[in-house]
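**Student:** Heads up, here are the entries from TrEMBL:
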BINDING   B:Cys59, B:Cys62, B:His63, B:His79  heme c 1 binding site
BINDING   B:Cys203, B:Cys206, B:His207, B:Met278  heme c 2 binding site
DOMAIN    B:37-145  domain 'Cytochrome c'
DOMAIN    B:189-303  domain 'Cytochrome c'
SIGNAL    B:1-21  signal peptide
Number of protein chains: 2
Amino acid sequence: MKQLSCVSLAILAAISTAAMAQEPIQIIEPAKITAPKKVELGKMLFFEPRLSKSGFISCNSCHNLSLGGVDALPTSIGHNWQQGPINSPTVLNAEYGLAQFWDGRAKDLQAQAGGPIANPGEMGYTHELAVLTVNSMPAYQEKFAAIYGKDAVNIDNITNAIAEFEKTLVTPNSPFDLYLQGDKSAISAEVKSGYQLFKDKGCTSCHNGPAVGGTMYMKMGLVKPFHTKNPAQGRKAVTGNEADKFVFKVPTLRNIELTYPYFHDGATWTLEEAVNTMAEIQLGQELTAAETKEMVAFLKSLTGEQPQIVLPILPPSNAKTPRPVPFAD
Amino acid sequence: MKQLSCVSLAILAAISTAAMAQEPIQIIEPAKITAPKKVELGKMLFFEPRLSKSGFISCNSCHNLSLGGVDALPTSIGHNWQQGPINSPTVLNAEYGLAQFWDGRAKDLQAQAGGPIANPGEMGYTHELAVLTVNSMPAYQEKFAAIYGKDAVNIDNITNAIAEFEKTLVTPNSPFDLYLQGDKSAISAEVKSGYQLFKDKGCTSCHNGPAVGGTMYMKMGLVKPFHTKNPAQGRKAVTGNEADKFVFKVPTLRNIELTYPYFHDGATWTLEEAVNTMAEIQLGQELTAAETKEMVAFLKSLTGEQPQIVLPILPPSNAKTPRPVPFAD
């Protein structure tokens, strides 16, 4: 009898696992680090303000790992306090995206990493100067040599290392992941109702997969227009197709509680407002106050364990290192 | 005979220790953390960009713990990319200073910490808004309550916690400290010659104590004038005494290899140049190339173990949190 029970339990567990496998959202796996030296080097470069013209702005400035991988501003602050054109997307779980940037103009994290360094409105540097800077420091030279071979400080390897570090920035073990893995008590009844609503209303048609987003492009304002002062054209800027106007990469909803303000224009500060806007303009629906509350509770269950980062100690500049130019412009 | 040798060795060791005790430079002790919760809270606040008007600048922006506790710029970048008036001093071992800021206008680290938050040219915020911001987040409220008691989020406790964290930012076990502790092989013959020169030339009359500086004020340009475009008046701005014109706190030389560019105007980028300038304007001496080289070797032996900092994860803003104002001005 006892043994039969065990068998029954095993069958139930198998059924439960099979059911979970059909969920539109999958768990985030912890990072598997296969090249720790590359990750460590990438971390140094991610926190390296000398990849910017001013010597002040690093990747972490706008993708702050203390703040959910964002700057928590509507649009970012760039070189000389220039106002950025679009909301900074989170670097957390970014590897799950089908491409990078809101308009998907970079095919992967490595391609993305080179963008801000050379963007005059962001880090304001050049790839040539970034390479000169890194290559001027023996401590960096040695690390590049050990990983990439001799004389290997170049922009491809700089961005490769940054991307390898970024791939480790995943946030597993959110309450919702624990639930997906079978711990039914990991989330409240309210969260469960919110998840059911999230599926029933059709949110999962765009927000699915391990990152609860990032798997496709979609028009912002599918049913009703999205009202914004932000001039971003979305995919149209990449493809040139009029049909791609206002089509953006569907953002991840992982850690959405942390990555306010919302949407590509960063004009929406609360999850309640964001949820209602999405329901209205993408699905043509109006949520009741109770539904909004449940949906928000579900979204907050997607906040995972944040990466534990030991701040890197960067090597000192020397006479060969290009000097920062913070105030020349 | 063998026992006699041991006694002799013990006597020699005692003599050696006594001699060390008379050295003008003392070792830096590792931090003794007696209030770990306060330190942890202080670390969060040190990395908290929401203590600035823009939501972008934290203590760590200009006292970057990846870069020797400085921004490695001539003068700092403040709110709206304003150019700061003076070189950012390192936060490392800052507790050893007789006072804070180049002109000593803050009596201690706690008094210092409130300055940049409310300085319109630095973080550009107000103490009132800083308190409102921190107090808006339940995670902060709980931490303050556990440490300081109920309703204890105020500027005094915010700066108290920051100061408690900063007191842990010491850099023990530099090669020179190991030497002072009896490991004669910890530094090279060149470093030893440099140290002897450092004493013989009279550098230790100002640069002494555990921080190799920070124990007194001294005129910049004692023997010959210091040529600079920087208008800072030094202690005169605090005391009103004409005699205090160009009198500054003697900076620490700990980790001086990392805390370029040098002097209060941040106009000198290399240690060689800094050493020669000091010899000339403070001591009326000219060093030979060999002497400069030895002196620089000695100074580099003062680079200690940098604090290992696990990046804090900051709580999310909510509807009560004042919103950042990065671009309004």
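In case you wondered, yes, glycine gets a Cβ from its N, Cα and C as well.
Caution: TrEMBL annotation is automatic and unverified by curators.
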**Student:** Do me a favour and check the Cα-Cα span between B:Met278 (heme c 2 binding site) and B:His63 (heme c 1 binding site); whole Å is fine.
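**Tutor:** Taking the Cα atoms only, B:Met278 (heme c 2 binding site) lies 24 Å from B:His63 (heme c 1 binding site).
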**Student:** CB neighbours of B:Cys59 (heme c 1 binding site) within 10 A?
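**Tutor:** For B:Cys59 (heme c 1 binding site), the 10 Å Cβ neighbour count is 26.
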**Student:** By Cβ count within 10 Å, point out the most packed of the binding-site residues listed: B:His63, B:His79, B:His207.
**Tutor:** B:His207
**Student:** Roughly how many Å separate the Cα of B:Cys59 (heme c 1 binding site) from that of B:His207 (heme c 2 binding site), to the nearest whole number?
**Tutor:** 26
**Student:** Expressed to the nearest Å, what is the distance separating B:His207 (heme c 2 binding site) and B:His79 (heme c 1 binding site) at their Cα atoms?
**Tutor:** 34
**Student:** Could you give the Cα-Cα distance between B:Cys206 (heme c 2 binding site) and B:His63 (heme c 1 binding site), in whole Å?
**Tutor:** 24
**Student:** Grab the heme c 1 binding residues from the record (B:Cys59, B:Cys62, B:His63, B:His79) and give me their largest CA-CA distance in Å.
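**Tutor:** Largest Cα to Cα distance for the heme c 1-binding set is 15 Å.
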**Student:** Whole-number Å distance between the CA of B:Cys62 (heme c 1 binding site) and the CA of B:Cys203 (heme c 2 binding site)?
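**Tutor:** A Cα-Cα distance of 28 Å.
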**Student:** Please find which two of B:Cys203, B:Cys206, B:His207, B:Met278 have the most distant C-alpha atoms, given that the record lists them as binding heme c 2, and give only that distance in angstrom, rounded to a whole number.
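**Tutor:** Among the residues the record ties to heme c 2, max Cα distance equals 11 Å.
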**Student:** How many Å lie between the Cα of B:His63 (heme c 1 binding site) and the Cα of B:Cys203 (heme c 2 binding site)?
**Tutor:** 26
